[in-house]
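J.: Below is the structure I would like to discuss, written out as structure tokens.
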Amino acid sequence: MPVESGSSAAARQAKQKRKSHSLSIRRTNSTEQDRAGMQRDMLEGQDSKLPLSLRNNLLDLFGQIEREFENLYIENIELRREIETLNERLAGEGQTIDGGDLTKGALKAKASHSTSQLSQKLKTTYKASTSKIVSSFKATTSRAVCQLVKEYVGHRDGIWDLSITRTQPVVLGTASADHSAMLWSIETGKCLLKYIGHAGSVNSIKFHPTEQMALTASGDQTAHIWRYMVQLPAPQPVADISAPCDEDVEFSDKDEADGDGEGPSECPTLRVASTTLKSHQGVVIAADWLVGGKQVVTASWDRAANLYDVETSELVHTLTGHDQELTHCCTHPTQRLVVTSSRDTTFRLWDFRDPSIHSVNVFQGHTDTVTSAVFTVGDNVVSGSDDRTVKVWDLKNMRSPIATIRTDSAVNRISVSVNQRIIALPHDNRQVRLFDMSGVRLARLPRSNRQGHRRMVCCSVWSEENPTCNLFSCGFDRQAIGWNINIPALLQEK
């Protein structure tokens, strides 16, 4: 009687095992309809407030998902079997090759190459299978690096606005609901000067384009112009607190308490403004310098924007037309153009380039309060709204936006970088997101138990000339944050 060898017996057992497995797979496929019918009967017997048609649709969808993953599981098993077969064949070939260490190295190289090919095939199969049932969202796989460089803590209430000086020395300015404005050393985070001349919340701060003067708007219905002189302290080493963008970890109650620090010690104060602008009948919510710095514009809750002469403090023009309170105003960096935002869901472009004609254009496209509208270096205006959208407009064609960014939270005072043309979006939900001008999301600033805002983020501002921090944000957690954002050029071209 012939005796079966060990190798042939093992092969026969493996073949029977594969055959049995194939039969079980066919058996499973043949009973899909019966199983679906049983599940449908069980579903009809359960109590639910959903309509029967909707429940049937859900059941069909879940059945499709189950079949897709079942097919994926079967393909995974087949691929694993191929890997085992390949390894057995390579092991057999390795026995006939002379040289101990060399044989192991060659065998390892072949196995590694073959395994990598099968692994890639498995990944491709998985992606192809799941793509049939999972919608693809428009998102970037960025490697943008967002580094928290410095925190500026000292205000006793929320910070509404912040700005960067355009002249040397370069400092950070913040406007707070605690009735004060502060100037900070960007490198050290030390308070250099505190302005306490307002009798109400300081809602805005902007710096003169060529001189050491600041313009602040306040809830006391005035805007102040005040001169400052500061001396920068010696720089300190910067802690390396870097993280990939899009990190999001919630804060604990302890972290909330830790953020309520005491104010800065030994900060010089300034109480008297060099110029006070008084013409509004309501809260002055924002103010900005026109190009050249000889005139300023203010926006108020009295539904008007005023244009003042800086030298004489006289009211030059009153800009009326908005139906509700104004929320923001911004001036063009190189032309005599002003844009005002309002709660009436519109923003208006005012043209002062011709002294004899002051034209106005109304932009309609939002469905809720327009929180801010800012100019870019080119012929674009970017507007943000409480309707959770940001729109990019072309000044030469104002009928419709050229790009729309839809988000999950109301958008506050936005800013656009000059060189890279990146839009920074501060949100009510404590996030700061970065988009390009075509509406593609580039990054989200990290939030964790060590860094990020704990309350609504009110404003953002870029400072691309600064090697340490090129983006700043502030919020109602009483702090401003300096970030170093590094977005690869290839990512921006996507």
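Each residue's number is its place along the chain shown, starting with 1.
Heads up, the Cβ atoms here are built off N, Cα and C, so glycines get one too.
Predicted automatically and left uncurated, TrEMBL annotations should be read as such.
Not my notes, these are from TrEMBL:
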- 69-96: coiled coil (COILED)
- 22-31: compositional bias 'Polar residues' (COMPBIAS)
- 1-37: region 'Disordered' (REGION)
- 152-194: repeat 'WD' (REPEAT)
- 195-226: repeat 'WD' (REPEAT)
- 277-318: repeat 'WD' (REPEAT)
- 319-360: repeat 'WD' (REPEAT)
- 363-403: repeat 'WD' (REPEAT)
J.: Which stretch, 277-318, 319-360, 363-403, tops the Cβ pairs under 8 Å count with the repeat 'WD' (195-226)?
T.: 277-318
J.: DSSP helix, strand and coil counts for the repeat 'WD' (277-318)?
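T.: DSSP classes over the repeat 'WD' (277-318) add up to 0 helix, 22 strand, 20 coil.
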J.: For the repeat 'WD' (277-318), what are the same-chain contacts with Cβ under 8 Å, counting residues 6+ beyond its ends?
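T.: 161, 200, 203-204, 206-211, 213, 215-219, 221-225, 324-336, 338, 340-342, 350, 352, 358.
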J.: Restricting to the same chain and to residues at least six past its boundaries, which positions have a Cβ under 8 Å from a Cβ of the repeat 'WD' (152-194)?
T.: 200-212, 214, 216-218, 228, 230-236, 238, 259, 261, 263-264, 267-270, 286, 413, 455-456, 458-459, 461, 463, 465-466, 468-469, 472-482
J.: Using DSSP, break the repeat 'WD' (363-403) down into helix, strand and coil residues and give each count.
T.: 0 helix, 22 strand, 19 coil
J.: DSSP-wise, what's the residue breakdown of the repeat 'WD' (195-226) into helix, strand and coil?
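T.: Split by secondary structure, the repeat 'WD' (195-226) comes out as 0 helix, 17 strand, 15 coil.
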